[in-house]
């Protein structure tokens, strides 16, 4: 039985001291903790789909979906149910156990909720875990999604409280914490992490992890993203982060949150196989699978499976649904096409 101690009282200087450890010592500590709770050769696989793209009113300086920046991204309306389910079935066939759906909104409108809840129910009927990232949620909206059966809700803190104002001004850090509180209170599992390589200092990376680790309950899933620099965004010309600092961030996240899934998230397309292997050793045990994460590139499935074979890793097995269940879900989705005028409004409009 695991003897790991889970803490929620980490001090900044303690975390900075972990970051400052010699790399071999840090990796040994992180990997030892990882083995206490998880099979080190098993990786949970998620697929992320943008169900509504672009025209977001927020000013996140890293994001190509903001309406404030000219990135050449074409806005798209909320996807039809059948399209979402086709993508979900493809993800499951490729080995994903969780299907994540993201919408470029500040927050979902009440008129969106019935359709979003139905989307959750139909994807779950395929035998997959479900996750959504839709922006800020009210307590009522969180409860609605939980009642519909949504397993996870993603809402990242992005960076430390001190650096946050240099990244985004259209919502506060407390707004983000409030959404996480609503999600946890609803009974859903929390997915929350951040982005590194945004020009922050090492103390900010420590500060981000401090905020996550000192939540009343650790996030169930902690995605750590490397900034993907997109032309047209304010962060397009930032200097690259030292890849070893990314590995350190993964390792410290594993130490601080020993029971959480640590997800090697955006930026893998620009990472070497050797860097990813170090991240898996440091405690990363989840990835996004598929050639695109919302609007940014990601390694091809065949590349990931090739890397898994070389490293002796295997995908975590998820729940299964029968063929009859899947066919019933697709039949129900087709029926939604008859309601297009009522439900497929232009959700990309500001």
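Don't overthink the numbers, they just go from 1 along the chain as shown.
Even glycines carry a Cβ here, placed using N, Cα and C.
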Out of 63, 100, which is the one Swiss-Prot records at the [2Fe-2S] cluster site of 131, 191, 263?
100
For residue 191 ([2Fe-2S] cluster binding site), just count the other CB atoms lying within 10 A of its CB, please.
28
Taking each of 56, 60, 63 in turn, which of these binding-site residues have a Cα lying within 10 angstroms of the Cα of residue 263 ([2Fe-2S] cluster binding site)?
none
Taking 8 Å from the centroid of the Cβ atoms of 100, 131, 191, 263 as the cut-off, which other residues in that chain fall inside it around the [2Fe-2S] cluster site?
46, 48, 98, 133, 152, 154, 221, 223, 288
Average pLDDT across the domain 'Radical SAM core' (41-268)?
92
Rounded Cα separation (Å) that holds between residue 131 ([2Fe-2S] cluster binding site) and residue 56 ([4Fe-4S] cluster binding site):
20
